[in-house]
Amino acid sequence: MAVGQIGNFLAYTAVPTVLVTPLGALGVPFGSILASYLLKEKLNILGKLGCLLSCAGSVVLIIHSPKSESVTTQAELEEKLTNPVFVGYLCIVLLMLLLLIFWIAPAHGPTNIMVYISICSLLGSFTVPSTKGIGLAAQDILHNNPSSQRALCLCLVLLAVLGCSIIVQFRYINKALECFDSSVFGAIYYVVFTTLVLLASAILFREWSNVGLVDFLGMACGFTTVSVGIVLIQVFKEFNFNLGEMNKSNMKTD
């Protein structure tokens, strides 16, 4: 898992966020396939179809994703972070988090799965941009550029934001898993988390600015396909449904 997270961190510094975040879902089908062979867990026909859809949707995402980065230096990152549109977005997210954590979650969290998912997903809109920002700032620090001192300060601020975000996410993920089925939570969480992360990245990095209509529709279709695949794998994995039973049910009786 540690190696996987290091790989994610390196990916965020190398390619657009709109590609890395949805492709993180590939861990679900690969994990399900490995579990069926190594742990002898049952993978029904819907789960296999979900694995196929996830892989097919990922290929579509790769084909239609932005081909270049919109932010490549620490100076550009600072300019984006101080953009009034992004600052306004952050204020709205912080207000929603305060309402959810201190007012809605204590009353409705244990009975409504969307409360905990919303908290974790909104915090994810800080996690992913912070991770990408740390990678960009680290490049200036390692190369000992004239702006390395400012880059170090920015890196420390983003690390603090990232750490707080992850800690709070872990807390509410654990709360959600105590109250709700992990498969249902995982499927819904992936869709909502990825959607909000893509929204935050689009506002901050403006990675969609150079994407044409065809590529935009292609990425939307790819993301939808991956999401459907994840739902089939996670939500329906306990269903006793296989091809053999379908053949028996379709056999004609004399």
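Just so you know, glycine gets a Cβ as well, placed from its N, Cα and C.
Among the features that TrEMBL reports, transmembrane segment is placed at 12-39 (among others). For the transmembrane segment (12-39), the list of distant contacts is 4, 47, 50-51, 54-55, 58, 61-62, 65-66, 68-70, 128-129, 131-132, 135-136, 138-139, 186, 190, 194, 197-198, 201-202, 205, 207-208, 219, 222-223, 226-227, 229-230, 233-234, 237: same-chain residues at least six beyond its ends, Cβ to Cβ under 8 Å.
Per TrEMBL, transmembrane segment is recorded for 45-64 (among others).
Using a Cβ-Cβ cut-off under 8 Å and counting only residues 6 or more beyond its ends in the same chain, the transmembrane segment (85-105) has close neighbours at 115-116, 118-119, 122-123, 125-126, 172, 200, 203-204. The transmembrane segment feature in TrEMBL is assigned to 85-105 (among others).
Look at TrEMBL and you will find 111-130 (among others) tagged as transmembrane segment. Using a Cβ-Cβ cut-off under 8 Å and counting only residues 6 or more beyond its ends in the same chain, the transmembrane segment (111-130) has close neighbours at 12, 17, 21, 93, 96-97, 100-101, 104-105, 158-159, 161-162, 165-166, 168-169, 172-173, 175-176, 179-180, 184-185, 188-189, 192-193, 195-197, 199-201, 204-205.
Distant neighbours of the transmembrane segment (151-172): 74, 77-78, 105, 116, 119-120, 123-124, 126-127, 130-131, 133-134, 137-138, 140-141, 145; these residues of the same chain sit at least 6 beyond its ends, with a Cβ under 8 Å from one of its Cβ atoms. If you look up TrEMBL, you'll see 151-172 (among others) marked as transmembrane segment.
The feature transmembrane segment is assigned by TrEMBL to 184-204 (among others). Remote same-chain residues near the transmembrane segment (184-204) are listed as 16-18, 21-22, 24-25, 28, 80-81, 83, 85-86, 89, 93, 113-114, 116-118, 120-122, 124-129, 132, 173, 176-177, 223, 227, 230-231, 233-235 (criterion: CB distance under 8 Å, separation of at least six residues from the stretch ends).
Taken from TrEMBL, the feature transmembrane segment covers 216-236 (among others). Long-range neighbours of the transmembrane segment (216-236) within the same chain, counting only residues 6 or more positions beyond its ends whose Cβ lies under 8 Å from a Cβ of the stretch, are 18, 22, 25, 28-29, 32, 44, 46-47, 49-61, 63-65, 183-184, 186-187, 190-191, 194, 208.
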